[in-house]
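Pasting a structure below so you can have a look.
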Amino acid sequence: MESRVLSRATTLSSLPRLNKLHREHLTNGASILSVKSIGSVSDGGNLVFGRQLRPELCSPALKKSGVLLRPCLAAADDSAGGEKVAPVGFFSKYPALTTGFFFFTWYFLNVIFNILNKKIYNYFPYPYFVSVIHLLVGVVYCLVSWTVGLPKRAPIDGNQLKLLIPVAVCHALGHVTSNVSFAAVAVSFTHTIKALEPFFNAAASQFILGQSIPITLWLSLAPVVLGVSLASLTELSFNWLGFISAMISNISFTYRSIYSKKAMTDMDSTNVYAYISIIALIVCIPPALIIEGPTLLKTGFADAIAKVGLVKFVSDLFWVGMFYHLYNQVATNTLERVAPLTHAVGNVLKRVFVIGFSIIIFGNKISTQTGIGTAIAIAGVALYSFIKAKIEEEKRQAKAA
């Protein structure tokens, strides 16, 4: 589906109700209303595939009159002497239902990915190679999508490529180290450690970007650090490789966020993620060949095929790569649809879902202290996300005023 961008030059003539209001103001001698154009993502708008999906930003006078700007196409009907508005689509007619479906799909794909990924590591413990497969399947998916025009490939120039390369390198490093951790320890423990990511984000914003972080945000991170510490001390599957790899993943994704802010482009999220996946794949291939290549050729592939068979081995690798790409793509599209607070709540609930389902599926035994520590860490992340989202929303409202 080719991306469609809602025009910033939405005209008064394309909105019959606005025309009526406009005429009334002219009759009463009032000044003509000036409609504020809908902002970009950075201005508080929310784009999905380059399209505005929460068009609530409009003139205060229009809000008072109960008139909201909606994404529409003006279809002039000169023969009838008037104008028609294209029928409202399902997404616009049921926004809450649509957003709920996106969240459900995101969680479902994420849970399935984590479960299948861990099952593969139980008989094929080669995280570097599996990371390459994750990205490779996603890249093939993107290339096929571009070929059929769903979506249409956005052109990229040298300047955009230079901006995306640091993002992709951090994405590749974070992805590989996450998988090393998943292979070494329980899925629930890796996600508990990754709950520390907000702490690294706050530290990077304060000490690298020079942004002032409110004391309330720092205080909200104390339960996260405490919870992860408690969970780590008594985690039955603990080992240093899994712990350190998850921590490196946190740092990598923090720098990915920093570079992402500098790499704002006019491309829609689907194309941006496709280009990042391609670059990340190129980055991941050499270390996989150097670190795991010789062992894979000698015994790795043969052992895996002997345990589960060739068909299951290949199908498992294909599906884990497909679920990885789809859950990341749907996550991006979902989070762009919603307000910052909903975004924060969604991220926290996702981690709770993954930890809970991984414990149930794999029957991982956890100590009481680990369970308490995990709960404290998740609660801390929720508190941090809530405070941070409120601060961002206040900034957005102040900027829009």
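Cβ atoms are placed via backbone N, Cα and C, with glycine included.
Remember, it's a predicted structure, so these values are computed and weren't measured experimentally.
The annotation domain 'Sugar phosphate transporter' is assigned in TrEMBL to 99-385. Summarising the annotation, TrEMBL assigns transmembrane segment to 94-116, 128-148, 163-187, 199-220, 240-259, 271-290, 310-327, 348-364, 370-387.
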If you count every Cβ pair below 8 Å, which range out of 94-116, 128-148, 199-220, 271-290, 310-327 shares the most with the transmembrane segment (240-259)?
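Per the Cβ count, the answer is 199-220.
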At an 8 Å Cβ cut-off, counting only pairs 6 or more apart in sequence, do the transmembrane segment (310-327) and the transmembrane segment (128-148) clear the bar of 3 or more pairs?
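Counting Cβ pairs under 8 Å, at least 3, so yes.
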Determine which recorded stretch among 94-116, 128-148, 163-187, 370-387 has the most C-beta pairs below 8 angstroms with the transmembrane segment (271-290).
163-187
Sort out for me which stretch, of 94-116, 163-187, 199-220, 348-364, 370-387, has the most Cβ pairs below 8 angstroms to the transmembrane segment (128-148).
163-187
Which one of these stretches, 94-116, 163-187, 199-220, 370-387, has the most C-beta pairs shorter than 8 Å to the transmembrane segment (348-364)?
94-116
